[in-house]
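A.B. asks: Positions annotated as active site, tele-hemiaminal-histidine intermediate by TrEMBL: His226. The substrate binding site feature in TrEMBL is assigned to Gly62, Ser63, Gly64, His65, Lys113, Asp118. Residues or ranges marked as domain 'DhaK' in TrEMBL: 11-341. The feature domain 'DhaL' is assigned by TrEMBL to 381-584.
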Amino acid sequence: MAFPTKKLIDDPNDVVTEFIEGLVETYPGLQYLDGFPQVKVVLRADVSAATYDKVAIISGGGSGHEPAHAGFVGEGMLTAAICGDIFSSPPVDSILAGIRAVTGPKGCLLVVKNYTGDRLNFGLAAEIAKSEGYKVETVIVGDDCALPPPRGIAGRRGLAGTILVHKVAGAAAAGGLSLADVAAEAKHASEIVGTMGVALTVCTIPGQVASDRLGPGKMELGLGIHGEPGAAVADIQPVNVVVSHVLQQILSTETNYVPITRGERVVLMVNGLGGTPTMELMITAGKTVPKLQLEHGLAVDRVYTGSFMTSLDMAGFSISIMKADPVILQRLDAPTKAPYWPVAADGNHPPAKIPVPIPASRTAKTDEPRSRPQQLNEQGQILEVAIEAAANAIINLKDNLNEWDGKVGDGDCGSTMYRGAKAILEDIKDYPLNDASETVGEIGSSIGRSMGGTSGIIYTIFFKAAHSVLKASSHSGVTSKQWAEALATSIAAVSKYGGASAGYRTLLDALIPASSVLEEKLNSGDDPCTAFVLSSEAALAGAQSTVDMQAQAGRSTYISGEILSTIPDPGAMAAATWYRAAALAVKAKYQS
């Protein structure tokens, strides 16, 4: 079945040159030769054949495998990349132009994937360059492990393992080695790496319609990077199963494609084929490492996961396994400025997981456990009655809150607040009530565990912010002004993270007036209990005033002003209710 595809392409004939232009605009360390469309060569901007005193590393091939090969041009990797048309080997003249542009007295190494067109064109270019006096060596990479050992001259295909060979060769050249030594290291690397690919879809050639020859529910094992058919078509299997099959194929002792045996160390590359999300590639990597360790007895020294050598937009992945030794690891870890080589993948791995940090079991200012004291001091008694009164007031208001919220929201404000209140009443038996700051923090934990939704987050922020302020208080007790400061800080935190402020028709329209009146009365010398009660009246008045406000936050923003003008904001009414209940309970406690 053929179907049209959507692509960000103007002219299919220009995709390679336009890709190069965009790449060079993006990375200032890259340039290209001014020979479009016949000559498509990306090279290091800091290298000139006349002055370059190291071995040049040159690779390339048909385009459509991006970021390979041009994305790996940079100090420590490729010196130049020769780009052919889509899935077509670059012409000899283009390869020669690249050789002439970057090859100095120490010569150049051509790293060539094992495809007939690449071998012939790079081979002819090498011979012509030698006749012109250049020192040229060639390494052919054939890392494909999917097909039976070939009997003809075609040999194994070059796949994503070539990228690891690029890195080894580039690092050796950057270290100042001779052409013969660089070529020897690259050849050694090419002989100890194996790759196999798995595809879920075929790729889309620019300007052509895509054909899903696989059909629904099918995947292809061992395909090449040009969309050519693979070794077999099979039903899609879980990642675990697919990875096991691929590793068995690469590490098979029957084909003996790579000289890797149990007890040795390896490097792993999980390569996306162009249309595979990073999440799926990481899942694949996470399945592959333990299988290499447990099922094959191999130590995994490095893991490279990403899209390195693709097949346009093909969905799928390939796995490359390279035998590791100290020199290989040194070359892979060597610095490079190639823009698409994965950073932060070098070095030995610490343990993959560490314990989740937990809060300290006690504060620095006291050795008293966070549990209900056997004997409550005056502060503890006041906190207890205030908390119980506030929670019970919310429980009693549940139905009203749900009714109001059913008209201006999603109808669950009362139920959400009820869950938080019930959790507080259940947990209060374990609150360290003689320690105000820790008690407030525990209220936040009870709410965070039980309420859920936006209200749960808002109130957890509210109480945790207050806890941070109150922690600075002395152990002898929290002063009224410290309570006022905690309230103001909590309001500021809710406003900061929630985005609302006064007049937005939220709980802040109850709490902001309360905070203002409390601070004003305390500063004027009023009794703290009186100031608390007066501020609770301001809270209730503020909540009731939301009837006249147009919502600017929450689900009420979708409700017409006509409906809003008949109902106060449920969140503001809830805040005013528990605040006033706490104030009246504290007043009654003092009077008794």
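Glycine is treated like the rest: Cβ placed from N, Cα and C.
Computed from a predicted structure; not experimentally measured.
For each feature listed, report its degree of burial, its nearest neighbours and the pertinent distances within the displayed model.
C.D. replies: Around His226 (active site, tele-hemiaminal-histidine intermediate), the same-chain residues six or more apart in sequence whose CB sits under 8 Å from its CB are Gly62, Gly64, Phe87, Ser311, listed in sequence order.
Cβ-based neighbour count (10 Å, all protein chains) for Gly64 (substrate binding site) stands at 27.
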A.B. asks: Over all pairs in Gly62, Ser63, Gly64, His65, Lys113, Asp118, the listed substrate binding residues, work out the largest Cα-Cα distance in Å.
C.D. replies: 15
A.B. asks: For the recorded substrate site, whose residues are Gly62, Ser63, Gly64, His65, Lys113, Asp118, find every other residue on that chain with a C-beta no more than 8 angstroms from the centre of their C-beta atoms, and list them by sequence position.
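C.D. replies: For the substrate site the neighbour list reads Gly60, Gly61, Ala68, His69, Gly84, Phe87, Ser88, Ser89, Tyr115, Ile225, His226.
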A.B. asks: I'd like the number of other C-beta atoms within 10 A of the C-beta of Asp118 (substrate binding site), please.
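C.D. replies: I get 25 for this one.
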